[in-house]
Amino acid sequence: TYEYYADFYAKKYEYIGEWEIAIRGYVTFFIALATILSNIVLVSVFVFRSSRTSTTIVLTSLAISDSIICLTRLPEAVYFNMAGNYKNLYITYPWCIATHVLYVIYQVFRMTSNWLTALLGVQRLVAIALPFKHGKLFNSRASCVEIAVIVAVSVLLNLYEALGIYISELPIYKTWYYNETLPSSCTREVSLGLVSAFGDPTKSNTLFFIFSGLLYRVLPVLILIFTTVMLAYFLYKRQKMRTSNTEEKKKQIQRMTILIFLILVVFLIAEIQDGIAYFIYAAELSQDKKRQILSKEDDIRWDTISSMLSLISYACNFWIFFLMSQQFRSALLDIFKSGFRKAHIYFNLDESDEESVSNTPNTSLTSKNEKSTFV
């Protein structure tokens, strides 16, 4: 149908140009799927072929968080963009609920990934600048507690948006007589519980945006800028120092520092534009000039590009380790070899079982020719 009738305007999938559909669809799908698969390999190496240190614990948690973010992007990529449902006149009610839930999960784990990356930078900086205090401040138990606190704060902060939006079902009709129904859509409004708890929803939304933006976008980026600059300084300083060939441990620390530094740089390239967008929105809210600096169309385009940059940054972690770390490649090869070895043993066992069954004497069914083949 090309028209519908309802009491309110139904929610529609928003995009500006067809190029966004290609990015949100096939490009997002393949990058997200490749990131999930590569992170599974990354976690396998860290869990089964690496010693449990504070750095590997944070890197494992970061890979899991990034994978969950990518999982939340797959349904939209497949249903709306790849399947062509972005052309529909409105979003159906079940997909209104699904997109809201996926968005909240995406926000929770994106904030988690931001702070895990910041924690990674701080850990590495302390290991280089204060090596004797690093073991006390960032041991395995302390790292697990810090990760748990980051996840808990991310969940609590996003409960405001998760529970503060009430999605109601909107009946859709084919004719203006309201006698032929179509699949229902939805309307989004502030929940009554949020109004009773915080009062004026406009003020509470503004305060939430400012507070969550500082905690979610600005502070992690500032910490990462500081740690990245300091790590670059220490790397430059240590390159001028002469080290003997026997100092293998120092070389390993140097290589790990370079790896972490590259991860931080890639993350900053993707996330710093999100901080710029935050300050633009904050300026509009403070001046009560919504959409005066950044129009709705520009906002949609910006969101498409920034989401893609973030997705690419999540995919880079595996390749940074693969290209820069000989130990990682050796551990990865060892995992594949052990997997092939186990599979080979498994199939050989199956074949031997089949042969043992087939070699069981059965005089009533086995002919002379068949018996001669077993001799």
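Residue numbers in this text run from 1 along the chain shown.
Any Cβ shown, glycine's included, is placed from N, Cα and C.
Curation does not apply to TrEMBL; its annotations are automatic.
Worth saying up front: this structure is predicted, and the values here are computed from it rather than measured.
Under the heading compositional bias 'Polar residues', TrEMBL lists 357-367. The annotation domain 'G-protein coupled receptors family 1 profile' is assigned in TrEMBL to 38-321. Summarising the annotation, TrEMBL assigns region 'Disordered' to 354-375. Under the heading transmembrane segment, TrEMBL lists 26-48, 89-109, 115-132, 144-167, 214-236, 257-281, 305-324.
Counting Cβ pairs under 8 Å to the transmembrane segment (89-109), the top-ranked stretch among 26-48, 115-132, 144-167, 214-236, 305-324 is 144-167. Sequence-remote contacts of a segment are chain residues at least 6 beyond its ends whose Cβ falls under 8 Å from one of its Cβ atoms, and for the transmembrane segment (305-324) they are 23-24, 27-28, 31-32, 34-35, 38-39, 41-42, 59, 62-63, 66, 69-70, 73, 110, 113, 255, 258-259, 262-263, 266-267, 269-271, 273-274, 277, 332.
Remote same-chain residues near the transmembrane segment (257-281) are listed as 55, 114, 117, 120-121, 124, 127-128, 209, 213, 217-218, 220-221, 224-225, 227-228, 231-232, 234-235, 293-294, 302, 305-306, 309-310, 312-313, 316-317, 320-321, 324-325 (criterion: CB distance under 8 Å, separation of at least six residues from the stretch ends).
With a cut-off of 8 Å between Cβ atoms, the residues of this chain six or more beyond the transmembrane segment (26-48) that come close are 56, 59-60, 63-64, 66-67, 70-71, 73-74, 76-78, 81-82, 307-308, 311-312, 314-315, 317-319, 321, 328, 331-332, 335.
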